[in-house]
Amino acid sequence: MEGKTTMKGLAMLGIGRIGWIEKKIPECGPLDALVRPLALAPCTSDTHTVWAGAIGDRHDMILGHEAVGQIVKVGSLVKRLKVGDKVIVPAITPDWGEEESQRGYPMHSGGMLGGWKFSNFKDGVFSEVFHVNEADANLALLPRDIKPEDAVMLSDMVTTGFHGAELANIKLGDTVCVIGIGPVGLMSVAGANHLGAGRIFAVGSRKHCCDIALEYGATDIINYKNGDIVEQILKATDGKGVDKVVIAGGDVHTFAQAVKMIKPGSDIGNVNYLGEGDNIDIPRSEWGVGMGHKHIHGGLTPGGRVRMEKLASLISTGKLDTSKLITHRFEGLEKVEDALMLMKNKPADLIKPVVRIHYDDEDTLH
């Protein structure tokens, strides 16, 4: 980066259009850091943003929010980090002094979804260099025993999937249904398992995802191609339904299925990015005409350093293997476009693509 003033990145040019652009390298504030990518992963939400226009039109905004990187510059007030450090970059990078952060909702710092900065209202990570606010609070050092490509799954997939299990308030022995077993849903299965769920139903149809769901702790597979998933769940539970539901896929109509399959006094946790539709369906009768104590919780995953450190410890201790999520591997920043198009086109064997970027001075930068 020495002497350079511009960087290239893969950007959303407008709704339905992407391309490579050149931009000025961001300024590094006193609390901030500039980072170069070591591993990147495109997300389904990137495709919602570009091709569905889910958050409105964006022009020349660099995409991407899942990264592991290496610090190339730190601000004068940064204490914990230095140039050359390899770091896990959470998709959610809150401003920790905001009122929402002080109230316990840092993911909404500055306003609803305000902690989600990358590829929302700030250039993302699919570039030669990217900016991270409040580096000490938001960047976690990459443990030496974790590969960058495995750690990049922590940025969003693991934390979001586990948050679905947290939102569903899963307790020991609960019967749980996870709707949607893409990478986030697979991590919701793993999260439910870690929180002590008993029977775990995983709803999906692609064989590879179903096989991996079983490896992460699912006990039953519900294939929506075999009939109504509510009827299948009720039949499998002798008409009782489930204690908790995690929604990690589907659309605005999926909430109706969740409400129909849970018991009174139960919880639904949603971490699915609803890219389309103005309203969600909640069936009046099955919701107990509004009084069924069937609770719906939807939440953006928490961000920040400490959460990344705790999730990384699950990999370091052998309790979570994120490499099972990675089905396609690329080398070089320019390949992030191919990886993004894979997420858009969703071939049957896809779970998650990862792009690894190498540098000659990766182990000597300081």
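Heads up, the Cβ atoms here are built off N, Cα and C, so glycines get one too.
When the candidates Tyr105, Tyr224 are compared with the NADP(+) site entry in Swiss-Prot, which names Ile181, Gly182, Pro183, Val184, Gly204, Ser205, Arg206, Val271, Asn272, Tyr273, Lys346, the shared residue is Tyr224. Per Swiss-Prot, Zn(2+) is bound by His65, Glu66, Asp156; the candidate from Cys43, Cys177 named for the same site is Cys43.
Rounded to a whole value, the Cα-Cα separation of Pro183 (NADP(+) binding site) and Glu66 (Zn(2+) binding site) is 13 Å. Taking the Cβ of Ile181 (NADP(+) binding site) as reference, residues of its chain lying under 8 Å away and at least six apart in sequence are, in sequence order, Val189, Ala202, Val203, Gly204, Cys209, Cys210, Ile212, Ala213, Ala218, Ala248, Gly249. Under DSSP, Arg206 (NADP(+) binding site) is assigned to coil, being neither helix nor strand in the three-state scheme. For Pro183 (NADP(+) binding site), other Cβ atoms within 10 Å of its Cβ number 28. A sphere of 10 angstroms centred on the C-beta of Tyr273 (NADP(+) binding site) encloses 19 other C-beta atoms.
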